[in-house]
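Visitor: I am attaching a structure below and will ask some questions about it afterwards.
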Amino acid sequence: MNSLTNKVLEFIKRFDVSEIASADTNPSSNKGGIVTDLGDGSDVVYVPQFLPLEKSRQYFDYIDKHMPWTRPKIRVFGRTVVQPRDVCYISDKGLKEYVYSGFKPDVHYWDDYPLLKEILEKIHKAFPGTHFNSLLINRYNSGNDYVGWHADDEKLYGPNPEIGSISFGCERDFYMKKKSQGQVVGYRPFKRAKTDSAVERHSFKLKHGSLLLMRGNTQRDWLHSVPKRAKVDSVRINLTFRRVMQM
Ligand SMILES: O=C(O)CCC(=O)C(=O)O
Ligand SMILES: [Mn+2]
């Protein structure tokens with residue numbers, strides 16, 4: 001075997017790149033992606049290979065090595081806990097501050113990270129309606145790192161925030177479930193929420209180089225999470241692009 005073949009095999013092993021979906025073969029596709037209609041004005045577009053594999057590997061290495069990572073303490077249900085993943089926040093200058101779970105991340109700027117700007121521009125080009133101006137990066141060092149059920153529905157993103165999510169490295173499950181209070185408040189105010197097992201769900205395996213775009217009412221009506229995985233021992237990096245509304 002030559003050294004290039006070895007490198008490819010090593011890469012596949014490291015990142016668990018088991019299948020590469022082909023672009024734009026689905027009739028309900030959108031820019032090479034698969035659209036899942038979640039109903040009530042919400043949908044997600046998943047583009048399995050939004051960025052080329054080798055380029056994605058370069059992005060992964062750059063972000064892994066060069067970002068000023070922190071693993072902050074956050075407040076969850078009245079308790080202070082160490083957030084189970086590393087984070088880093090990038091934005092345009094002069095935006096309203098982003099605070100989540102009692103934590104205000106230090107802000108870094110696009111001009112210091114040209115490769116991140118490059119990814120941002122690729123998303124804007126592929127999806128002309130998007131205008132992201134901030135980015136929260138997560139690093140999951142192993143299957144012990146995770147993000148619990150939540151929606152990115154902070155006020156500073158406005159009523160229908162679009163979230164663009166790029167994944168690099170180890171493939172992880174991304175789960176979505178419908179908010180139960182939406183079902184109660186929306187159209188059956190006198191009925192109890194459905195039991196958890198009856199709640200509508202979707203799942204995606206977020207591949208190295210993929211893009212997942214959540215649109216419309218998704219943050220209002222749905223929750224998402226990346227659960228722990230006992231067997232995962234390699235790193236995943238996720239970029240969530242957001243738009244902070246200007247005053
Ligand atoms: O890692 C992911 O795919 C999701 C991250 C996420 O939901 C967030 O940062 O709000
Ligand atoms: Mn999120």
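Note that Cβ sites are derived from N, Cα and C of the backbone, with glycine treated the same way.
Grabbed the feature section from TrEMBL, which reads as follows:
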BINDING   Phe77, Gly78, Arg79, Tyr98, Val99, Tyr100, Asp153  substrate binding site
BINDING   Asn138, Tyr140, His150, His224, Arg236, Thr240, Arg242  2-oxoglutarate binding site
DOMAIN    131-245  domain 'Fe2OG dioxygenase'
Visitor: Provide the number of Cβ atoms within 10 Å of the Cβ of Arg236 (2-oxoglutarate binding site), excluding the reference atom itself.
Guide: 26
Visitor: Under a criterion of Cβ-Cβ distance under 8 Å and sequence separation of at least 6, what residues of the same chain contact Asn138 (2-oxoglutarate binding site)?
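Guide: Same-chain residues close to Asn138 (2-oxoglutarate binding site) (Cβ under 8 Å, separated by 6 or more) are Arg85, Asp86, Val87, Val147, Ile237, Asn238, Thr240.
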Visitor: With the 2-oxoglutarate site defined by the record as Asn138, Tyr140, His150, His224, Arg236, Thr240, Arg242, how many Å span the farthest pair of C-alpha atoms?
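Guide: The widest Cα-Cα gap among those binding residues is 20 Å.
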Visitor: Once the chains shown are all counted, how many other Cβ atoms turn up within 10 Å of the Cβ of Thr240 (2-oxoglutarate binding site)?
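Guide: Excluding its own Cβ, Thr240 (2-oxoglutarate binding site) sees 19 Cβ atoms within 10 Å.
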Visitor: Fill in the CA-CA distance, Arg242 (2-oxoglutarate binding site) to Asp153 (substrate binding site), as an integer in Å.
Guide: 11
Visitor: Spatially, and counting Cα to Cα, which of the binding-site residues is closest to Gly78 (substrate binding site)? Options: Tyr140, His150, His224, Arg236.
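Guide: Closest recorded candidate to Gly78 (substrate binding site) by Cα: His150.
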Visitor: Compare the C-alpha of Asp153 (substrate binding site) with the C-alpha of each of the binding-site residues Tyr140, His224, Arg236, and give the closest one.
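Guide: Answer for the nearest of the binding-site residues: His224.
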Visitor: Measure from the Cα of Arg79 (substrate binding site) to the Cα of every one of the binding-site residues Tyr140, His150, His224, Arg236, then give the nearest.
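Guide: Ranked by Cα distance from Arg79 (substrate binding site), first place goes to His150.
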Visitor: To the nearest Å, how far is the Cα of His150 (2-oxoglutarate binding site) from the Cα of Val99 (substrate binding site)?
Guide: 14
Visitor: For Gly78 (substrate binding site), name the DSSP secondary structure in the helix/strand/coil scheme.
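Guide: Its secondary structure by DSSP: coil.
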Visitor: Sequence gap of 6 or more, Cβ distance under 8 Å: name the residues on the same chain that satisfy this around Tyr140 (2-oxoglutarate binding site), in order along the sequence.
Guide: Arg85, Tyr146, Cys170, Arg172, Val226, Val235, Arg236, Ile237, Asn238
Visitor: To the nearest whole angstrom, what is the C-alpha distance linking Tyr100 (substrate binding site) and His224 (2-oxoglutarate binding site)?
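Guide: About 16 Å separates the two Cα atoms.
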Visitor: Which binding-site residues from the set Phe77, Tyr98, Asn138, Thr240 come near ligand 1, judged by a Cβ under 6 Å from any of its atoms?
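Guide: Correct list: Asn138, Thr240.
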Visitor: Which numbers of helix, strand and coil residues does DSSP report for the domain 'Fe2OG dioxygenase' (131-245)?
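Guide: Going by DSSP assignments, the domain 'Fe2OG dioxygenase' (131-245) contains 18 helix, 50 strand, 47 coil.
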